[in-house]
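S.K.: Take this structure first; my questions come after.
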């Protein structure tokens, strides 16, 4: 799957961007933390669209400045409305609460548990520990780390292969671009690509360029 982030600040713009993005990608990621205001009704609308609902905490590199309680309630609302995926951080103390809630109401939502390091790619043993912890909590493990070298890129690709079909792994930055291009072949459930001029992370590839490259590889 190709996932395209939606990073608009206005709700109506976000919906329009999502519709346009789905002409090129398979799903979108709604970065709810970037919206000026968000309501439960907005989450209901987002949940109708094939998407990942992400409300990234400020302490994990996001823009959510309101209370964590509101954040968790909005994510629960997405789960209640059977959003395709919700993303919750490994460091979030209430991640298990979301999983329990999902199971109790028998929602079809898959829960992605994520970890980010915007400066480096940790050693492989540390990354394995992260992924194992994530898989004990949610359905899909995700990590996005900054790749500073080819060695970092190989490390990330190796882990994708180890956890084939259970992981989303990304190498941010120029050195990590190969992880975005080869990720699907190495076992990542999805790869992120952006609409022109709307990258949500360093090194994100334009979706049209990515599709051209993937067609050449095939």
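Start at 1 and count along the chain as shown; that gives each residue its number.
A Cβ is built for glycine as well, from the same backbone N, Cα and C atoms used for every other residue.
Copied straight from Swiss-Prot:
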| type | residues | note |
| --- | --- | --- |
| BINDING | 29, 30, 31, 56, 180, 200, 204 | 3-dehydroquinate binding site |
| ACT_SITE | 116 | active site, proton donor/acceptor |
| ACT_SITE | 142 | active site, schiff-base intermediate with substrate |
S.K.: For residue 180 (3-dehydroquinate binding site), which residues of its chain lie six or more apart in sequence with Cβ-Cβ distance below 8 Å?
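M.R.: 170, 171, 191, 192, 193, 203, 204, 205, 210 - these are the non-local Cβ neighbours of residue 180 (3-dehydroquinate binding site), listed in sequence order.
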S.K.: So which of the recorded positions is most packed in, judged by how many other Cβ atoms lie within 10 Å of its Cβ, out of 31, 142?
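M.R.: Result of the Cβ crowding comparison: 142.
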S.K.: Please give me the recorded positions out of 29, 30, 31, 56, 142 that lie within 10 Å of residue 116 (active site, proton donor/acceptor), comparing Cα atoms only.
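M.R.: For residue 116 (active site, proton donor/acceptor), the recorded positions whose Cα atoms are within 10 Å come to 142.
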S.K.: Roughly how many Å separate the Cα of the residue listed as 'active site, schiff-base intermediate with substrate' from that of residue 29 (3-dehydroquinate binding site), to the nearest whole number?
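M.R.: Pair distance, Cα basis, whole Å: 14 Å.
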S.K.: Which number gives the other C-beta atoms within 10 angstroms of the C-beta of residue 29 (3-dehydroquinate binding site), all protein chains shown included?
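M.R.: I count 23 other Cβ atoms within 10 Å of it.
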S.K.: Just counting, how many other CB atoms are there within 10 A of the CB of residue 204 (3-dehydroquinate binding site)?
M.R.: 21
S.K.: I want to verify one value. Collapsing DSSP to three states, which class is the residue listed as 'active site, proton donor/acceptor'?
M.R.: strand
